[in-house]
Amino acid sequence: MLSVDLGKALLQERVTTSKLGRSKMDLIMGEYSHWSPHSNNVFKGHTDAAWGCTITSNNLYAFSGSCDNLIRIWEVITQKEIGQLSGHTDAINSLALVEDDKVLISASWDKTIKLWDWQNRTEITTLGTHNSAIYAMQLSTNKEYLITGDAGGIAKIWKMSSRSYEGEISCNGNTIFGVWITDDLKDIVIGDFGCNIRFFNFDDKCCIDTFESNAGPIQCLAVTHNKKYLIFGTRNNIIKVWNYNDKSVHCTFTSHRHWVRNVIVTSDDKFFISASPDKTMRIFNISDQIEEYKIEGNEGFVNAICLSQDNQYLLACASDGLMRSWKLGFPARNKILKGHTGTIVSIIISQDNQWIISGSEDKTIKIWNMQTGINEYTLTDHTGSVNDLYLTYNMNKLISVSDDKQVLLWDFNTKTVIKNLEGHKDVVYCLALSFDENLMATGDKNMKIYLWDMRTETLDRIISGHTDTIFALAFTNDAKTLVSGSADCTVGVTNIETSEFSRIKAKCGLINTIALSPDNKFLVIGDRDNIVYLWDWNEKRLIAKFTEHTDFIRFVVFLDNTTFLSVSNDSKVNMWNAVEEKHELELKGHSGSVRCGNFTKDRKAITGGYDFNIILWDLDNVQSLELANIDSLLSSYLYLANIKTGGMPSEKNCNLMFSPIRMNLAHIYAYRGHSELLRRSLEAGTEIRRDTDLHSPLHYAIDRNCQDCTDVIFSFLSDLHDTDIQKFVRYSYALRDDFEKIVQSRSKYVENFLAAAFYKVKDIASFGVPKGELPILFYSPTKRFEINNFVMPSGLVGPDDVEVPIEFRTLPFAIHHLQGSTGSIEMLNSIKNCGNSRILRTDFIKTYIRDKWNNLWYYILFLTFLLWGNLILLTLLIAFKEKNYDKESYFQALSMCLTVINILLGTYECIQAYSSGIRYINDIWNIIDIFRLIITFAWLVVVNFIPEFPYYIILTWVMAALNFLRGLSGFRAFDTTRYYTRLIIKSCLDSISFLLIFFYSTFSFGVLFHIASEASNSMFSIWKTPYELSMGDFTNTESFSLEYVCFMIATIINVIIILNLLISILADSFEAFQAEAEYIDCMEMAEFVSELETLMFWKRDLNSPSYFQMCRLVVGSGQGSWEGRFNAMSGMVDNMKSDLMEYLDKINQKQDLILKKLEANK
């Protein structure tokens, strides 16, 4: 349970674990692992069955009534009993609180209703009595009236303010178990043991109608606050939900296995909770007509339940004498301001964040205190709907426009009208002021924009051009441009200096609203086609369309340069991320269309709607295990419970944002390693996105070494590429910070993903005259393709230029590419350390590496010539030394040249070691270079200054061997020889195990020859003789002897069998190498490029990621070389295997389902 004690423990855990460097996700998942939907706190003290319960509005104190005739008072936090109330002589089955929770009401089987001063533990009075046991009680929502029902079929109504009896209702002797007064105080509903539901007029207590339940004796009932549904439970274990108006059945639930004792409705009317002697409580979704969750934990029959006023706590009393509490929710993060009697059309916030100012169709402007939510001032000078408002930065003037055609200037301090700016001939819908507040624009139904000089408060000019009503206006920051949105489906652009007006065809529906981001980078448009359009304002082009709304878009507004809000007739408030082009949150709370919105200075959202309510939404103060979306009060509990119990992801849960870091189901399943649930959630519509810590689900899957989850994400994205390219690009963009990890992944699907990620850009010319040899690469600072970077403009194409079929490809995100930058080196290291070498054959990796190789080609060539020049000079010096030319001047010159070359190569190694750090010594070639340099310099000293060095030959041999070994790397510079250097190394490595056997066999026969030989041989002959035999050299004997027998056996085993086996092994190694030649070639280039870029330490900070764009000839899917065909076949087999496994999984699932149904029917 999310109890206070657990909260304290988790707070301590945060303090402790933060010191250990755990991430926010680790902390939240740590809390989640402690949480259980069935955890509860126990209140123990009653000596008999507990029946009635209630809790104070501040959730500090709870009360329970029992068959032990006592009411016990409990401290909720500690579950300690702090008092008792005695006076009843039989079981207390109903409790309620009135008068600001100071007075407790109790109803009992002893036929009495009592009022208690529970704080002083005293009885105030007996409110009244019945002639038989009281079985039902309900307090009206406004706490003005109480209704009680008894075993004799009589219901009595009491007025709580006067503590007086108001009247009674008879149900013809049928025991009453359910009573309800509707919120509008018009109806009374009663359910009785005779299976009847009776409806009475509240005022005259007359029966309006009676219905048969058709479900058995009524045990309990409730009416939703909006009077839309009637819910009742029966002794036949049935719960029915009726449409209140026509009494038709909305839905029926039969999941309880015993009577339904109690039903309670949540304050938002979205759910109801039932209790039963089957020891369970169940949560039902009214609109979706489903059972959401079964709460367990009671050890006795559940007699009664109570939901706290804020829906955070559920109390249950049971036959075992215990009361238990479950934490179902969190404090509400939305605040409702009521006072308007018409639709709220506009809302603005004062600069000091102290005032909310709203305009309404009720023709008033209301000014609300932000802290208290109290309406402190109401301005009534308008005679029509107040459509738009503006408060100056200094908070001196308020401006309003209205249906009454007026533009009013108010003194905000005195709340009086200063001036009416006359000029409009029709309804004025919108206004906007320039950044310096010197110029104001107003737009009307008459298709005119009026520009006002606010320094003189006079009309400056009128702008015409739109052909329908103007609904929205916005100035750019420099006050040089006015942007307008109109019902003519165009965006107007007015040059303020010249008054020149032009229109942009937005290719949308009737425009209701527009908004510019604070930095003027983005323009958002909302239309009556239910679509939100995101534009790049500087380039005047559409970036994205959002279709989450299902009705007219009424208003859009920016919070900052990234986040904006949209409201709609579909009653939804949506939050969006403009930079990442994605939906962030959905806020639910309005009961009708939402008309306007804004943001407070402390980043709260505020909206007004057709329900006459203003709602203030707290977007930031989200608790660790709470949904960031604001929806039903039980949503967080149900969301967590479904995950905790391994429930299947539902469509409505897929994109709910959870916790302060706004993760979704994909993050949770990837973190916890639930690959199957992750797959199903993605298929159900869960988005791949980043949380506020900038981590994607893939980050958590890779970081926690969950290969199955990694495979699921790559496989899903690869398939998505073929079905919805726009969604694929958006999802892949969320992985941009994980790209190096993607490249290093061992997943068998990573190759498919990287192939898909380098996607073909549509809607660009498919023919053109290239500017150079194809392919042409370009690193762009923006995602947008500038075709002139690749092909010649049509005006420059000559008569001899031939158009060719071309295609454009790019990545969904920017990558590092600048030579020597930290990002580029990390990228190259990722490619070098790739877990799946097959990525090296993908177009992107090959193109990226080849481009870097070409850019470094002259450096590569220079380094190769240095290596080979070093070998040439070395060979000449050795030859001259043997001819005793070491005293000649040219020998000294050559020695000097060799010294200079090795100083350059040594400098190269020093820079590399400095740049690479400790990683430098992890490469065997670097160690060889160190020894090579040391021995080469030592040899130069010897040949020049120590002519009689005793170990000259050994030193020279070692020096030459190391230099020629290092000289092999020079062949990496050329495409035709590059991969042979790796082939030699691979062949040697593949032969190591075999060579051990060969050396063992050779040595064995050497010993046998030594024994069989009659001649006296040295110990060296033990190795020499059989080894020479293997190489084809043997001195035969003239007669048959033991030595000849050894010869026969040795030739059969060593020469015929083992050496031919070596040929087979090397052939297999070469064949496998040929299949991987494409990978190896790319890897060799990547390693060489990485080695060179590591030297460029002065470029480390040049990290500027760009979009990798390529124009190339259109190529077919076939591959001509045998390696290509082999790789294609390999990919086809992998795909077939994956499809087959998926098909088998579906068959197994169907079999399991059939078996479960067969078992259920037994």
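Backbone N, Cα and C atoms are what each Cβ position is placed from, and that goes for glycine too.
Note that TrEMBL annotation is computational and uncurated.
It should be emphasised that the depicted structure is a prediction, and the values quoted were computed from it without experimental measurement.
The repeat 'WD' annotation in TrEMBL covers 43-84, 85-126, 127-168, 211-252, 253-294, 295-328, 337-378, 379-420, 421-462, 463-504, 504-545, 587-627. The transmembrane segment annotation in TrEMBL covers 856-878, 923-943, 949-971, 992-1012, 1041-1063. Annotated domain 'Ion transport' per TrEMBL: 889-1077, in sequence order.
Listed stretches 253-294, 295-328, 337-378, 379-420, 421-462 were compared with the repeat 'WD' (587-627); the greatest number of C-beta pairs under 8 angstroms is found for 337-378.
Sequence-distant contacts of the repeat 'WD' (211-252), counting only residues of its own chain at least 6 positions beyond either end whose CB sits under 8 Å from a CB of the stretch, comprise 136, 141, 177-180, 182-184, 187, 189, 191-199, 258-265, 267, 269, 272, 274, 276, 284, 286, 289, 591. Confidence for the repeat 'WD' (421-462), expressed as mean pLDDT, is 95.
Distant neighbours of the repeat 'WD' (421-462): 384, 387-388, 390, 392-393, 399, 401-403, 405-409, 468-475, 477-479, 482, 484, 486, 488, 492, 494, 496, 499; these residues of the same chain sit at least 6 beyond its ends, with a Cβ under 8 Å from one of its Cβ atoms.
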